[in-house]
Amino acid sequence: MSEKHPGPLVVEGKLTDAERMKLESNYLRGTIAEDLNDGLTGGFKGDNVLLIRFHGMYQQDDRDIRAERAEQKLEPRHAMLLRCRLPGGVITTKQWQAIDKFAGENTIYGSIRLTNRQTFQFHGILKKNVKPVHQMLHSVGLDALATANDMNRNVLCTSNPYESQLHAEAYEWAKKISEHLLPRTRAYAEIWLDQEKVATTDEEPILGQTYLPRKFKTTVVIPPQNDIDLHANDMNFVAIAENGKLVGFNLLVGGGLSIEHGNKKTYARAASEFGYLPLEHTLAVAEAVVTTQRDWGNRTDRKNAKTKYTLERVGVETFKAEVERRAGIKFEPIRPYEFTGRGDRIGWVKGIDDNWHLTLFIENGRILDYPGRPLKTGLLEIAKIHKGDFRITANQNLIIAGVPESEKAKIEKIAKESGLMNAVTPQRENSMACVSFPTCPLAMAEAERFLPSFIDNIDNLMAKHGVSDEHIVMRVTGCPNGCGRAMLAEVGLVGKAPGRYNLHLGGNRIGTRIPRMYKENITEPEILASLDELIERWAKEREAGEGFGDFTVRAGIIRPVLDPARDLWD
């Protein structure tokens, strides 16, 4: 093979069954509408189980009672997860009140789950409530289109309330990119909103009739914050500002964290720098990256289909040149940018427009009324009186944005009375887990239900070694698909089996290095024993300001991952 093309541009071979399903779906319609009327089962059937994902839903069941129901010869208790499309995480208080009501009245679990992709999910929607949820979202100007499956998913944007002008500009671009890359099929409107079938033929000028080979994730990032974890994403626009005003973006392509246990052809990968582009080329470049991946991505193997694998197969320079050709531009050299952190600043922060922003820590993003901590009711009360908006962060927290000085005390009173401002340790603020059991069908080990007590134990270790005012970026994900973004943490736990995890070390605080597996298939006591020893060493031996992940690399405890496509599994 020549240097120019390390591998073929298009992978030949038998297409996956998902490709057949998309082709035969009549632009994502399938027989979803007919399935909705089938009262004999609580779930969708056949291809529709996968097709509903394009409409923002996953079919799930309660795994806590799966075996019990099987013994009783009952089908699993099917219910849908629905994920809203919410570019940049901004939601109005009117929209919040509508979703609060729906969650309370029409879902099994009664909760709103904030996700690390800056949106919210409902868990436990019975089939009879599926159409009503889409109609409720539509009535307040929201939808769930393209938040799952082989499309451009929810577009993230740094939650930067301090520089309001820059955030407003970046947020507008996140919305524009999201709209530009949406599917054009009318299937969503016909099925869920009862809109008339139009005589014209469906066309998908950007995504194509069989859509993308695999999921595709996009971010807009405002340095020095990397709160959206750009290296977990396929396409990233890093905001470059002059005098506080947005002038263009650095483009980074080909990040992604999902792996498969034991499959060395899979790897987490940091995104590659392509170059700088002025603002006016943003949509053309976004489209060019997506269509290049559409045409070159591997449709014969879904485990090798993401943009990161395409880049490694054809070479970064070849992919970049094709994007330039399709967009009709030449990238300029990357402009300087630097990341200093990725956590949220919990509490009140004053923006440059003299408004205040209150960032509330929501453990694991789960909003529910707990005994003595009515979080859900408290947020509803704030939504009723707050004139600004709410912003969901990529750390699963919530910002009450744009609070005038005169309203501060009123909002703080509700937040405190509801347990929304309870003091937590820096360690808890910088820890995160995906949903996992009982609803996720892919879960191998607990994550969300495991994290709170696990962090209690970590807090005890931090106190024992005199570093309780410090933090380690710590994440738990229930399976190697990696929704909890453990593969960008300083300490990442990846679920292997019930009660067992792979322990990864050596990421860094700012999320620019992939961690390496340190110990495999170990239990919580074994994890804590390892971390006890390592935290003690870090506390005693670290250099000034040295994070835990950087220390583990410098001290030779773990080798850094330099080229994950080739050395992640070594």
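Glycine too: its Cβ is placed from the backbone N, Cα and C atoms.
What Swiss-Prot annotates here:
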BINDING   Cys434, Cys440, Cys479, Cys483  [4Fe-4S] cluster binding site
BINDING   Cys483  siroheme binding site
Cβ contacts of Cys440 ([4Fe-4S] cluster binding site) (under 8 Å, same chain, 6 or more positions away):
Gln60, Arg63, Cys434, Gly478, Cys479
Only counting partners 6 or more residues apart, tell me which same-chain residues put their Cβ under 8 Å from the Cβ of Cys483 ([4Fe-4S] cluster binding site).
Asn116, Cys434, Val435, Thr477
Of these binding-site residues, Cys434, Cys479, which scores lowest on Cβ atoms within 10 Å?
Cys479
For the recorded [4Fe-4S] cluster site formed by Cys434, Cys440, Cys479, Cys483, which further same-chain residues have Cβ atoms within 8 Å of the site's Cβ center?
Val435, Ser436, Leu442, Ala443, Ala447, Thr477, Gly478, Asn481, Gly482, Gly484, Gly495
